[in-house]
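Taking it in order: structure first as structure tokens, then the write-up.
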């Protein structure tokens, strides 16, 4: 028997060797068995020759059959050996596959273990985040509670502040009533003195320097040429009964100049846009600027600090004026098609007037009850300051109105327009009492400002060619042309003392004329 556990190929080889040995042994046995026959055949026996011959043939046939059987067994053995080799190769391949799968399984187990570790870490992080979120929610609730408490406290403080302001307003009203009573008593006891201090129908008792007022000087020479602002100067004015000049420009600054020396006295900063117009309270304490930043800025002139920032307009503010009667009332016009009335004591808007055409210029009447406004549609409109009602409207120019200024006695209103005309209106009838024009005078912009001399005899207006023209109101013609600017003149202002005259151009140059 073949022992188990040996390879199939070795078993097959042993089987072949065993078969070959068996065949050889059988062949030897057959040869030994047939040897007597061959010996007998070799004998010369005639009678048995045919029988032995037949046996020899049969044995030969049988030997051939044995050879054939041996050949078949050899072929079968070769096939089995080949099949054994194929099976061995297949077995080796499967063993390799099993080894690869075992390696892959090991890697997958390691990866699974790593993923499990990562999952545990992520779970811990999520739990930490949830814990932090809970703490943040608790803090948010505490902060919300504090914010609600602060809001309630703030509301209470606002109520207390408003109550205090109301009390202050009542005390101020009482003080104003006492002041008015004192003024009435002084007026009753000093009518003769008041009559001596009256100038052109307006009482100047409280204005320093009123006694020095004289006829306006016709300027001819440029006394000072000031590099006032970068990018252009759109507005300038003099302090009441003073030679100090205030200018505002596109560099977002307002500057105060001493026209006697041509030196800069102070600069007012804090404006966030180009200064398009300026005005000053009649006590010379506060300067108000209209700005392209949609706001108005109020400075204390002595300290140079911003007192108020008046917000409420939704487009650039292009005109501003303060009441001649009360320094607390201010009006402004913007390109949001509104005029707003402001209370400087309270710092907020008290009335809003709306209209269909943008306003370029405005001013108060001398009694402080009426607002004059000039519009892009060329119309001059009058408004009641208390009710905001339109009192009157007149077609002043064929193009946009650029400037409005009142005479010192308040009876004449000067308007300038993009039609290059300067019209004088009788305030009482709103009829044109004079028109000043010249082919050489061309209005430079929608905010070109002209002015009337303090003695109401002359008008000064800048031109796009850099000239400043001075008209005689009585003659209706130009009596002087001042040439110093190299760019369009945007605004002119005459000192209330009669001299000097100031003008500013698009390059930011300010000329002081004497």
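All positions are counted from 1 along the displayed chain.
Here the Cβ of each residue, glycine as well, is placed from N, Cα and C on the backbone.
Automated prediction, rather than curation, is the source of TrEMBL annotations.
Residues or ranges marked as domain 'Autophagy-related protein 16' by TrEMBL: 55-173. Residues or ranges marked as coiled coil by TrEMBL: 56-189. Per TrEMBL, repeat 'WD' is recorded for 226-267, 268-309, 310-352, 361-393, 394-429, 453-481, 482-514.
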Tertiary contacts of the repeat 'WD' (482-514) (same chain, 6+ residues out, Cβ under 8 Å):
209, 212-217, 219-238, 240-243, 245, 247, 249-251, 257, 259, 262, 408, 444-445, 447-455, 460-470
Please report, as numbers and ranges, the same-chain residues at least 6 past the borders of the repeat 'WD' (268-309) whose CB is under 8 Å from any CB of it.
206-207, 231, 234-237, 239-240, 242, 246-250, 252-256, 315-322, 324, 327, 330, 332, 334, 342, 344, 347, 361, 447
Sort the residues of the repeat 'WD' (453-481) into helix, strand and coil with DSSP and give the three counts.
0 helix, 16 strand, 13 coil
Stretch-averaged pLDDT - the repeat 'WD' (394-429):
94
Counting each residue once, how many in the repeat 'WD' (482-514) are helix, strand and coil under DSSP?
0 helix, 18 strand, 15 coil
